[in-house]
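K.L.:
Input: one structure, supplied below.
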Amino acid sequence: MSNFSRAVDQKTLLVAGCDTGVGKTVTTSALAAYWWKCGKDQSFGLMKLMQTGLGDDELYQQLFGHLTRWDVVTPLKFATPLAPPLAADQEGKTIDLGVVWQTLQTMQQNHDHVLVEALGSLGSPVTHELTVADIAALWRLETILVVPVQLGAMGQAIAQVALARQTKVKLKGLVLSCASPEAEGKVEDWATPAMLESFTHLPVLGIVPYLTESERENLSRLAEITARFGLEKLAYF
């Protein structure tokens, strides 16, 4: 893995999460939509680290694949909807991180900005030896953490931030994500921003509200959400 440990340039941002299904894809789409709206003279790369089962890559292709000066890439795909090392084992395949690394390098060389969606949580296995946190740290990817607005979210977030610090992930901030209409009215109860900032010493960059399916596929609506984030705290915007 030593060949992968060079510094990655700061135009690349990794979107990680506290768990599977917490809103990483919606958050990534909203950030990408903001770039689409505000960076007309720039080129963009959107990458899913790897995919198991169906889902994110197809949505990204639908939303962004047709845009000029955009590339949407998922370098490794497995049909089995399990953690990547287990999916690869079941399919008789191996996980070649060299392919993922080279894809990232190519995206960085060809685009002004690169946005990468992780899988699962920071503790999720990517190979039999490495987790998402290990990859983020090894590749020096500046990272934001998506926190679900639900009971137990603060404990999840604090534990994930502790893991990030242990593995030396360059964590830049938190994004709160509402997966249900009820969650929007429970932010202060379930994922109190002031308490999260106090315990993690990281800024809460913004809140992704509950979105209907049609809203999740509307670039203008997605861009509106991200425009309210504290993106001045990130170097990419």
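Using N, Cα and C of the backbone, Cβ positions are placed for all residues, glycine too.
Okay, so Swiss-Prot annotates it like this:
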BINDING   21-26, Asp56, 117-120, 177-178, 209-211  ATP binding site
BINDING   Thr25, Asp56, Glu117  Mg(2+) binding site
ACT_SITE  Lys48  active site
BINDING   Thr52  substrate binding site
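Show me how these features fit into the shown structure, please.
P.N.:
Same-chain residues at least 6 positions away in sequence with a Cβ under 8 Å from that of Thr25 (ATP binding site) are, in sequence order, Gly55, Asp56, Leu59, Glu117.
Within 10 Å of the C-beta of Glu117 (Mg(2+) binding site) we count 25 further C-beta atoms, all protein chains included. Mapped onto three states, the DSSP output places Glu117 (Mg(2+) binding site) in strand.
Around the Cβ of Lys48 (active site), the number of neighbouring Cβ atoms within 10 Å comes to 26.
All protein chains included, Thr52 (substrate binding site) registers 22 other Cβ atoms within 10 Å of its own Cβ. Under DSSP, Thr52 (substrate binding site) is assigned to a strand (E or B) in the three-state scheme.
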K.L.:
Would you mind reading off the Cα separation of Lys48 (active site) from Cys178 (ATP binding site), to the nearest angstrom?
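P.N.:
The Cα atom of Lys48 (active site) is 21 Å away from the Cα atom of Cys178 (ATP binding site).
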K.L.:
Taking only the Cα atoms, work out how far Ala118 (ATP binding site) lies from Thr52 (substrate binding site), in Å, as a whole number.
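P.N.:
Given the Cα positions, Ala118 (ATP binding site) is 12 Å from Thr52 (substrate binding site).
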K.L.:
Around Tyr210 (ATP binding site), how many other C-beta atoms are within 10 angstroms of its C-beta?
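P.N.:
Excluding its own Cβ, the number within 10 Å is 17.
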K.L.:
Just counting, how many other CB atoms are there within 10 A of the CB of Ala118 (ATP binding site)?
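P.N.:
Ala118 (ATP binding site) is surrounded by 26 other Cβ atoms within 10 Å.
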K.L.:
Is Cys178 (ATP binding site) helix, strand or coil when read with DSSP?
P.N.:
coil
K.L.:
How big is the Cα-to-Cα gap, in Å, between Tyr210 (ATP binding site) and Thr52 (substrate binding site)?
P.N.:
25
